[in-house]
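Visitor: OK, Swiss-Prot features for this one:
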- Gly43, Glu44, Ser45, Gly46, Ser47, Gly48, Lys49, Ser50: ATP binding site (BINDING)
- 7-228: domain 'ABC transporter' (DOMAIN)
Amino acid sequence: MPAENIVEVHHLKKSVGQGEHELSILTGVELVVKRGETIALVGESGSGKSTLLAILAGLDDGSSGEVSLVGQPLHNMDEEARAKLRAKHVGFVFQSFMLIPTLNALENVELPALLRGESSAESRNGAKALLEQLGLGKRLDHLPAQLSGGEQQRVALARAFNGRPDVLFADEPTGNLDRQTGDKIADLLFSLNREHGTTLIMVTHDLQLAARCDRCLRLVNGQLQEEA
């Protein structure tokens, strides 16, 4: 039976530096996210939102505390086990888009579906449809270096969508995009949630996007507070 709680966090702390130079970023985060929820993480720039998102996705570690992802405690896992867990269950879009530089846009987007076991034709058709939806139908054969920053962002989002993950972590998914494109991205995010039950956890400064989520959590002084 799939875990009811996609993410579970207790007493999470994160500090950098040592001694008098030590800086506390997270000071005791508590969080439970149920399967299928949509969560917005908001807060001032530099408050630690991106750091928290990376820890939740198993890409970074806290200094202390417990984090579980799809029912699996991350502190018990080595990086190989975490990578397998992410490949099976997790999609993510961070501000560094992590596109494979030697693959073109279409190949980058179809990769998650191939890893999931879809046929080459299925994965390619799905990837092409997503890229066309995002206005990149004429950029299918372009390498990441040949795309603008906004275009790379859309490719990264399409790749995450094409994996149909159990949970999608997104850092400013509509940042640096015009309102029309941002609204299209938001609609795709919530269709992924609605049609596939994907849990969404996103850092955003976009108040319209945050308002569409089930819960909006503000990171203040290293701890989460629920917004009204």
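Yeah, the Cβs are placed from backbone N, Cα and C, and that goes for glycine too.
Tell me about the setting of these features in this model.
Guide: Other Cβ atoms within 10 Å of the Cβ of Ser50 (ATP binding site) number 17 in total over all chains.
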Visitor: Quiz question: given the binding-site residues Gly43, Gly46, Gly48, which has the greatest number of C-beta atoms lying within 10 angstroms of its own C-beta?
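Guide: The residue with the densest Cβ neighbourhood is Gly48.
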Visitor: Does DSSP put Ser47 (ATP binding site) in a helix, in a strand, or in coil?
Guide: coil
Visitor: I'm checking region-level scores; what's the whole-number mean pLDDT for the domain 'ABC transporter' (7-228)?
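Guide: Value for the domain 'ABC transporter' (7-228), mean pLDDT as a whole number: 91.
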Visitor: Under a criterion of Cβ-Cβ distance under 8 Å and sequence separation of at least 6, what residues of the same chain contact Lys49 (ATP binding site)?
Guide: Leu41, Val42, Gly43, Asp171, Val203, Leu219
Visitor: Taking the recorded ATP site as Gly43, Glu44, Ser45, Gly46, Ser47, Gly48, Lys49, Ser50, identify the other residues of that chain whose CB atom sits within 8 Å of the mean position of the site's CB atoms, giving them in sequence order.
Guide: Leu219
